[in-house]
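According to TrEMBL, the protein carries these features:
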type     : residues : note
TRANSMEM : 37-59    : transmembrane segment
DOMAIN   : 37-260   : domain 'CWH43-like N-terminal'
TRANSMEM : 91-112   : transmembrane segment
TRANSMEM : 133-155  : transmembrane segment
TRANSMEM : 161-184  : transmembrane segment
TRANSMEM : 205-226  : transmembrane segment
TRANSMEM : 232-259  : transmembrane segment
Amino acid sequence: MAESPQKVQSELQKGSVSFINGNSRFIELFKLTPTPVFLLGFLPPLSGAILSIAIALIFHNAEISNYNWQCGRARFPSLSRIINLPLERTIWQILIFSHIPIRVLEVFAGFIRFRRLFNVNIENQKSKRFYEFCRYIYLFVGLGEIFFLGALSIIGERENIKIHVIMFYLFGFCGIIFFISTTYCHRQSLYYIKPYGILSYRLKMFFMCCYIAAMPILVTAFLLYWKKCITLGYDIFAICEYLGVLFNIGFHGVTYFDVKDRLVLSIRMVEPLESSSTHEEEEETSS
């Protein structure tokens, strides 16, 4: 039997019914802001890096500092060497792999929202096609960055140092392309509006430029150590690696401004709602 309009209106006022559309009513089961989802994707890698480095420096300093390799002593430990230690490796892997499902969800959500939020005021067809191209680049290299991060976390120095190094540089390459495509799509979309859009864009530019600037120095320093046995090269490489991790996490952290006060995850149940005319006919029949 149909419910009276008075009862439906009462439920609407109480907030138990989100809204009515045609002959259906949508009852909200729960609502979730994007902040918890963002934190689940942002905090684990940040915590993994901080905890691994802190534990290594406090408890295993002798194993990671001033160690002798084929080209002489290296004073600063690389992150790869830190996460190669048993305890630090376990912490790193648990936190990294726990955030991967959220990161994959974020990449797909961003891919879809970039399509919906394209700035319609841009009429140039070449710009539209290039935007669409960057949107797909964002998707594929974003997934690639996540994949290679997982791969280098599994295949460490002790498993296969050559493959680990390859995964590391592929991760860095995907990161650079992902940052560029994300920043471009952000600038050409409705994300680039006040109050947070312009701030987000500027922070993206800052972290992206710092990350890109650090990569050539990192690669050059690594080659100078392994090819020319210049011991200072490895120290510079390690410092650039620390900075690269910081810039990478910082860039992904800027996503907070893209979702703050803009997204709400709402789970609703849909029920059929008979029209008021049907209800009136039933009342006349019963009388």
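Positions of Cβ are set from backbone N, Cα and C atoms, glycine also.
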Integer mean pLDDT for the domain 'CWH43-like N-terminal' (37-260): 89
Remote residues contacting the transmembrane segment (91-112) - C-beta distance under 8 A, at least 6 residues beyond either end: 37, 40-45, 47-49, 51-52, 55, 83, 135-136, 138-139, 142-143, 146, 149-150, 153-154, 182, 255
